[in-house]
């Protein structure tokens with residue numbers, strides 16, 4: 001094993017939930033210092049092969065030996081942390097400026113960094129949302145190179161790049177004088193492009209039948225694709241990557257954090273409904289009256305029993321039981337009336353806010369922060385706030401009941417009650433200025449923890465391969481320690497409040513007894529009543545203040561959601577809808593004149609002019625990060641036009657509601673999006689097609705016989721059980737099944753091998769060649785689609 005990094009003998013691997021073997025008795029060796037390329041058609045198991053090397057796939061037989069510890073892994077979906085571009089490249093490796101510049105140049109990131117608002121200090125957003133797909137892949141590979149780990153496992157790392165960028169990266173990284181050759185690193189590289197085979201020392205080809213073919217003599221032409229000059233009439237000037245303004249969604253209003261806002265309570269009551277809020281308050285009053293009156297009734301019963309023992313027992317017991325039942329029913333009904341309604345409505349507000357948010361939300365709001373709102377904020381509203389609200393209202397009613405008893409028992413004590421209210425009011429004001437902010441800090445401090453869990457769960461293979469498990473554990477402990485600080489301080493504040501209120505009760509009793517020496521109370525009996533009343537009332541008042549402060553801190557979650565819903569940018573509402581919206585678009589003509597669109601004033605596209613006639617097929621080509629996808633975003637109204645005019649079907653696009661645009665314009669994204677449902681629902685979401693036509697379209701994409709025939713159309717489709725390429729083909733079936741008047745396809749062949757690209761090309765040609773649909777697709781290489789005669 002001295003010269004071998006991986007050795008496999010008679011290995012059998014079965015895909016999860018399938019009886020068919022992905023690999024059946026395969027043998028292979030990965031030699032140290034060589035570049036081994038894994039090739040094969042879509043669904044042949046290239047990604048599964050890499051996962052096997054990483055120990056992420058369980059084998060059903062045979063042996064696999066690994067002679068390496070750390071492995072630099074680049075997955076098919078690039079792993080990017082929610083940090084700056086530089087931090088993503090560095091990882092946990094020490095800063096070395098010369099090596100950093102070398103890696104950045106090799107990955108052709110210099111031009112991209114110059115276009116970013118803050119250079120390599122720009123935050124890449126949640127899962128790299130501020131970068132294009134090609135930029136994400138290059139940053140992930142840059143991290144692998146910068147780490148200087150001698151073994152690299154790469155999954156299609158050159159996909160999504162324009163030809164000029166791909167040639168530059170391939171030469172600088174994998175070429176004879178590239179970083180890989182100079183460092184004598186071992187590379188296992190799965191690729192769908194035959195062009196990359198020229199860099200292989202050894203080729204392992206997966207035919208897709210469970211076998212593996214090893215070739216030592218890789219004879220592949222060294223021809224590089226030449227750039228094409230035909231722009232299909234599309235003019236794009238000043239192409240820049242999308243770089244939204246730095247910063248995050250505005251934090252909660254600072255004034256509220258310190259002083260609170262009665263509008264929050266009004267917002268809560270309005271959301272619950274004034275009728276429901278009134279019913280809840282009346283039920284709380286009924287509960288408290290039932291508790292208090294049952295005590296009085298018991299006293300009357302005891303007094304009557306002294307004069308007439310056991311007389312009218314059924315009457316006294318029945319009324320007492322009835323009062324108790326009313327109190328219990330009112331208490332339960334109050335929660336049933338309020339809690340489910342408010343919980344559902346707050347969850348709906350969060351969901352609708354995220355659903356209506358514009359394209360800035362994923363870039364400006366972290367995944368951890370969003371998850372924190374759906375977990376911590378809703379947990380406070382579902383659990384803590386109802387309990388605190390119940391306890392506060394009941395404590396307030398109890399305080400009123402005690403005040404009545406104090407007034408009846410001692411007129412002198414009533415005279416000093418205003419002073420007690422003043423002192424307690426000052427205490428709670430002083431306490432709430434800190435506790436409310438501390439509670440909000442406690443909520444916000446948990447967002448980084450959520451982000452770590454999401455990041456780790458989504459990228460376990462890469463984290464494990466890089467040997468970052470301990471680093472992540474230490475990072476988690478560090479964030480946990482930070483998150484515990486406001487929680488600990490909040491409990492210290494609560495203990496302080498309890499102590500101060502207890503001291504207030506004791507001081508009230510001491511002052512009363514001390515003043516009794518100078519103020520005549522009419523006898524020791526009245527003094528005893530006054531002492532008991534003031535202590536009892538003070539304890540009740542202490543309980544009220546404690547519950548009130550608990551409610552004040554919990555209601556901060558309500559204001560966080562209110563602020564989030566108010567300040568999160570939403571898609572602009574369309575002022576006027578078409579009177580014949582069901583007929584739009586009548587044809588697929590697309591016209592744009594000097595259209596400019598940007599992400600909060602940064603990046604985007606400038607002065608885009610194009611004219612697409614009905615039924616015309618146009619390919620949009622450009623450098624990765626050059627704005628190709630941004631053009632599609634504008635056509636879908638995911639990004640609004642800053643200036644210029646844009647129309648589809650001879651109708652100004654600004655007059656069409658966003659939902660209508662996305663219903664009528666058929667779109668295929670670069671990343672497959674599968675619905676967690678059946679195969680039928682994924683291929684035909686609106687259930688408008690007969691089964692035989694669904695089977696035909698799946699068979700034409702080579703999916704039915706190989707994948708779905710055994711399980712049928714109603715079988716559950718799970719994304720993780722299919723190779724990435726087949727997931728993409730499932731998504732491709734949708735626009736092919738219902739093309740519509742306008743179809744947009746974004747890098748439809750970016751992850752496909754040559755045979756699959758030909759299959760996709762022939763299917764698109766067959767469906768769209770003589771049809772009325774206008775087709776606009778983005779590409780990054782001179783693929784077979786672009787060279788097709790019908791373009």
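Numbering starts at 1 and runs along the chain as displayed.
Yeah, the Cβs are placed from backbone N, Cα and C, and that goes for glycine too.
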- Item | Candidate ranges 280-302, 349-371, 372-394 [criterion: TrEMBL lists as transmembrane segment] | 280-302
- Of 210-235, 236-261, 314-339, which span is tagged transmembrane segment by TrEMBL? 314-339
- Message: Quick check on the annotations: TrEMBL lists transmembrane segment for one of 175-200, 435-460, 461-486, 487-512. Which range is it?
- Response: 487-512
- For the transmembrane segment (280-302), could you work out the same-chain residues 6 or more beyond its ends whose Cβ comes under 8 Å from its Cβ atoms? 272, 316, 319-320, 323-324, 326-328, 330-331, 333-334, 337-338, 390, 393-394, 397-398, 401
